[in-house]
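Feature annotation from TrEMBL assigns active site to D121. Annotation comment: TrEMBL describes 7-65 as domain 'RNA-binding S4'.
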Amino acid sequence: MAHGTGERLDRFLAASLEGVSRKKIKQALDGGRIFVEGQVARRAGQILHGGERIEGTLLLSEPLPSPQVSWVFRDADLLAVAKPAGLASHPAHPGQDSALGQVCALLDGSGASPVLLHRLDRDTSGLLLFALHEESNQSLYRQFFERRVEKSYLALVEGRPPASFSADGCLKSGVCGRTVVDSGGQDAHTDFATLAYGSGAALVEARPRTGRTHQIRVHLAAQGFPLLGDALYGGALFFKTVRSHLAIPRHLLHAYRLRFQHPRTGEPLMLECPPPPDFSPVLSLLDNCPINL
């Protein structure tokens, strides 16, 4: 890019790049994406001497916003939200958007101190539970630790599973982010009940008795009924025959229901969250499906 002598870098870019706003240019400069003679431009007001080569990258469109949590239940002691697929439960690194970060931002100034009590995989949608103060955190944490919280998931799977079945098997971390069945791992148990059948697919309720990483996904795959859309543990048959005309953007697993004792009153509490619209294309193929979206 040629330029005149004695101009400020930002003004030269604004004059030279037709249709690009000063805001976009400033963002590129602030983000270290503009280079003068191969060196990062450190100042928008850098004076050009003439003859320098200017290169860089402009982001002409805004980044897509992160999916947002929505309230399911809130009182003085606890909060339950619906986490959308594509959002981390907890940030893996500083600055990453997450359900925890969104809840903290939404409750800022309220006096609450939200604590995330369990996690869902990034592409698993559904209920997440937060304690809002230390007393409720202690009570709810104890219930999770003692396995007194009943968790129910809805899973759309490949194949024709039996009406009810269970999966046992110790699980441990493998390579490439996978969890594997291994006798040297941690004990894991999941109960399953099939709710509806279709051609090559079924809707299954999963009730994990333990909380291991990828537990439901691994147990279903090990039983021969992998989750639809599961790139890590999924099967190939459904994708060859059905995916060509169905949009399956992620593994179709949804945290549907939580049952536990209220941390203050001790009364039983049941919370439910219907599956999101991305379940609809496959649900519509099932016979006598009990889930209506």
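Positions of Cβ are set from backbone N, Cα and C atoms, glycine also.
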Legend entry - Cβ packing number for the residue listed as 'active site', 10 Å threshold: 19
Inset, instruction - Find the average pLDDT over the domain 'RNA-binding S4' (7-65) in the predicted model and report it. - result: 78
